[in-house]
């Protein structure tokens, strides 16, 4: 087992990474008599809910659970209210612990519930997808979507622990594995050139879920994110760099309808658009753009815009991005592979040109 610590100004919390952690009662920092509410969905529940309940009950915990509908389109206030109703009907107090057992949607909604219920209860994240293991479960971002924009309603709320059991990836559909690799590649592209080179050498092993490669990959991604979050917990500076490709990607998700493209798929194409714009601005070489494209393609990820979107469809969505300040578009771009920066008020004509370069042609 590996442990990565997230060091915040006022406290720290561990990320445990290993195989078989869910069934090990020692993984859970919960004492006899504690009350727990597990938030999950039917897809995850069929594989792991009984395992987690059994481990917690061996510790003497009182365990309830609530099932949310499965999918990005259910990352809503309605799903949030299902959690509140279950907590209230079960007479859960401020001393309860919410466990988010699932992928990014479950983690975000359950995390927001933990931040909100009785003004805050303890949260444990148990991510079961590659994307949530390397990204969304770490760092305290919680949110639900609005029909006009992704992650528009939420809070920063840190978990007390993250438990990453790599065995959960064995039941993950290949498309979900590939989507998670988009966020993995992002870390190398923005902050760690050596890791990017390692990914070029080992991406095939990751696609095939080789255990040693996976454990190294997940721990490296978590360490990179932990370091960034330690410097900038609430995204006032460096943490914005973690959003490479996300402004373009969120536009795709919102325009197509949540869930039609997976988040990682949209981020993949978004990274290509950001790289194309970086090259237009003279920051990155065409050779490095090509390296990024080839790596994403080897991970079976899209690198061009959906054929149902036109370049002009992007900007209205992008202007509602949370990084927009005073009506000016701010984008995460690349100075080189392994070095990102935030560009302020980039000309819209250049943005459109970059999108056009990543548009499908017959």
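Including glycine, each Cβ sits where the backbone N, Cα and C put it.
Copied from Swiss-Prot, the annotated features are:
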type: BINDING; residues: 70-75, 104-108, 128-129, 141, 150, 168-171; note: NAD(+) binding site
type: BINDING; residues: 183, 246, 263; note: Zn(2+) binding site
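All features noted in Swiss-Prot, drawn onto the structure.
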residue : record              : Cβ within 10 Å
70      : NAD(+) binding site : 18
73      : NAD(+) binding site : 14
104     : NAD(+) binding site : 26
107     : NAD(+) binding site : 30
129     : NAD(+) binding site : 28
168     : NAD(+) binding site : 24
171     : NAD(+) binding site : 13
183     : Zn(2+) binding site : 27
246     : Zn(2+) binding site : 26
263     : Zn(2+) binding site : 28
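The shortest Cα-Cα distance between residue 263 (Zn(2+) binding site) and any of the binding-site residues 73, 104, 107, 168 is the one to 104. Other residues of the same chain near the Zn(2+) site, with their Cβ within 8 Å of the Cβ centroid of 183, 246, 263, are 131, 135, 182, 186, 245, 249, 264, 266, 267, 270.
Following the DSSP three-state reduction, the secondary structure of residue 129 (NAD(+) binding site) is coil. Annotation note: residue 104 (NAD(+) binding site) sits in a helical segment as assigned by DSSP.
The two recorded residues residue 183 (Zn(2+) binding site) and residue 129 (NAD(+) binding site) have their Cα atoms spaced 12 Å from each other. Ranked by Cα separation from residue 246 (Zn(2+) binding site), the binding-site residues 70, 73, 104, 129, 171 are led by 104.
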